[in-house]
Amino acid sequence: MSSPIKIAVTGAAGQIGYSLLFRIASGALFGGDTPVQLRLLEITPALKALEGVVMELDDCAFPALDSVEIGDDADHIFDGVTLALLVGARPRSKGMERGDLLSANGAIFTAQGKALNRVAADDVRIGVTGNPANTNALIAMSNAPDIPASRFSALTRLDHNRAIGQLAAKTHARVGDIRKMTVWGNHSATQYPDIFHAEVAGRNAAEVVNDQDWIENEFIPTVAGRGAAIIEARGASSAASAASATIDAARDWLLGTPEGDWVSMAVASDGSYGVPEGLMYSYPVTTSGGNWEIVEGLEVNDFSRRKMDATAAELFDERAAVANLGLI
């Protein structure tokens, strides 16, 4: 076996955490031959529940699970980690304004960014799943000045996977036949899942679908509104699918994207495709050796331009809001 990889997960006793930890421990992220050390962060009142989760992890006897440590102190849990999955976030409660949500999460991700800056491994990679993910990632990144901005990413892989599922259903294809899906922008209702560069069994997806009305009025709203639809159906938010997407995103980031394909990741914009620099914006990317690169040179039609600009504008406003709160 290779040397153990130290992985931190925040919000580890939550619903997504519960789905995520057993996948990581079973080898879904790095394979069964790479041992993992789980470092699990929770708020103090949730530590008792987290102890129960650790009991279950012990009872699974996963060969790849080297050790588990839990705690409520970020500096202790993040010490020496090479991968930090920031899953825990303050959910929006009834009557809460968006500004209140940004402020509450700002305090969480400011503290975690500073702790990662102090104690994480030099080669750390940080993926943010907790919502609002793009802006939470921006806050953490802004509070970790010694960690390169390229080491931070927010999760839009769930939207990417949802888009693949919807396109596969529409075209009667297998999900494995679909490549080059793109989700632009924010993990929110303004996101833009784009099939104009996607392929279905090697053919252009938009040409296979040949239905602009479906793209505009069914596909995009279904993908963007999927989280709300799941809450309506099961009475709780997406957990297993969010955990699965978190695994997919981390695996591809660290181990590389398949040849001839790309994935969607929210990363710090360098101005590509006219997006303001510094926004945590979802792009099509290829990855290799733990590094990502934005896919450049894609043709953007007028419809796509409007959608891409609208989601950028929302992120710009979110950045301004957290700047006004003194969080970045």
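The backbone N, Cα and C atoms fix where each Cβ goes, and this holds for glycine too.
Note that the coordinates shown come from a computational prediction; the quantities given were computed from them, not determined experimentally.
Counting every protein chain shown, the Cβ of H187 (active site, proton acceptor) has 30 other Cβ atoms within 10 Å. The active site, proton acceptor annotation in Swiss-Prot covers H187.
Residues within less than 8 Å, Cβ to Cβ, of A13 (NAD(+) binding site) and separated from it by at least 6 positions along the same chain comprise L40, E42, A46, L47, A49, L50, V53. A13 (NAD(+) binding site) falls outside any helix or strand according to DSSP and counts as coil. Positions annotated as NAD(+) binding site by Swiss-Prot, on the basis of sequence analysis: G11, A12, A13, G14, Q15, I16, G17, N105, Q112, T129, G130, N131.
R92 (substrate binding site) falls within neither a helix nor a strand when secondary structure is assigned with DSSP, and so counts as coil. If you look up Swiss-Prot, you'll see R92, R98, N131, R162 marked as substrate binding site, on the strength of sequence analysis.
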Inset, instruction - Report, in whole Å, the straight Cα-to-Cα distance of H187 (active site, proton acceptor) from N131 (substrate binding site). - result: 8
Legend entry - Residues near R98 (substrate binding site) in space but at least six apart in sequence (CB under 8 A): R92, A321
Legend entry - Among R92, R162 [binding-site residues], residue with fewest other Cβ within 10 Å: R92
Inset, instruction - Inside 10 Å of the Cβ of G130 (NAD(+) binding site), count up the other Cβ atoms and send me the figure. - result: 26
Inset, instruction - Could you check the binding-site residues Q15, Q112, N131 and say which one's CB has the most other CB atoms within 10 Å? - result: Q112
Legend entry - Span of R92, R98, N131, R162 around substrate - largest C-alpha separation, Å: 25
Inset, instruction - Using C-alpha atoms only, work out the spacing between G11 (NAD(+) binding site) and H187 (active site, proton acceptor) and round it to an integer in Å. - result: 19
